[in-house]
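Database features (Swiss-Prot):
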type: TRANSMEM; residues: 15-37; note: transmembrane segment
type: DOMAIN; residues: 59-217; note: domain 'TNase-like'
type: ACT_SITE; residues: Arg108; note: active site
type: BINDING; residues: Asp113; note: Ca(2+) binding site
type: ACT_SITE; residues: Glu116; note: active site
type: ACT_SITE; residues: Arg156; note: active site
Amino acid sequence: MAPIPPTPAQDISILHPKVLLLSAGITTSLFLGYRFYTRYVRRVRTYLDLTPSIIENNKKLYGYVTRVGDGDNFRFYHTPGGLLMGWGWLRKIPTTRKELKDETLMIRLCGIDAPEGAHFGKPAQPFADDALNWLRGYVDGKYVTITPYSIDQYKRVVARAQIWKWTGKKDVSAEMLKTGYAIVYEGKAEAEFGDNEDWYRKLEAHSKRLRKGVWSLGKKLTTPGEFKRVHYRGE
């Protein structure tokens, strides 16, 4: 009995449906893997990791507040993916200053200015401690979502910060304006509001009418911007 001849090899074109399907599958897998990595794995450690696309596309970053340093800024440790990626139970969030070195963003709350604390031998403004204590109680040691808008001259990330409370998601800048412990940011060159400037100004006007916080000072009020111009810039 004659042997069965082998099946001749077939040359498959790169345009063959099977090849195209396989290529599409590999490309899709790589793309989804990259998206998963950038969204849920890769950390933004410092302001140097903030790419133009993150800022231009208003990408939200989820993370943990490690320290509140002033009435309108705090340290933010990025935890991509949050609890679903093990943060807080499988993946440890650093707590010591040494561990946190070069691992956090300094966040400057957008659209507002809080009373200046005592710095460099200069006196604190009225309500500076109230603003600091309020912000500590509201966000310190808690998870927040930030939307970076820009990086200022001090390498701080000017951002909108939002936090979940029992009554829903809250805008931290807006809540500070409601208390009267902050005013709408006066500087024009570095002002960042997102789409919320009109809303912020209405909240400020309401607190002013009720004479809440700094507005209780009446004509004695020196705004944070004025205070900095006099005490730090010698104007």
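Quick reminder: no glycine exception, Cβ is built from N, Cα and C everywhere.
Rounded to a whole value, the Cα-Cα separation of Glu116 (active site) and Arg108 (active site) is 13 Å.
Of all the Cβ atoms in the protein chains shown, 23 others lie within 10 Å of the Cβ of the residue listed as 'Ca(2+) binding site'. Around Glu116 (active site), a 10 Å sphere centred on its CB holds 23 further CB atoms from the protein chains shown.
For the active-site residues shown (Arg108, Arg156), fewest C-beta neighbours within 10 angstroms: Arg156. The two recorded residues, Arg156 (active site) and Asp113 (Ca(2+) binding site), show a Cα separation of 14 Å.
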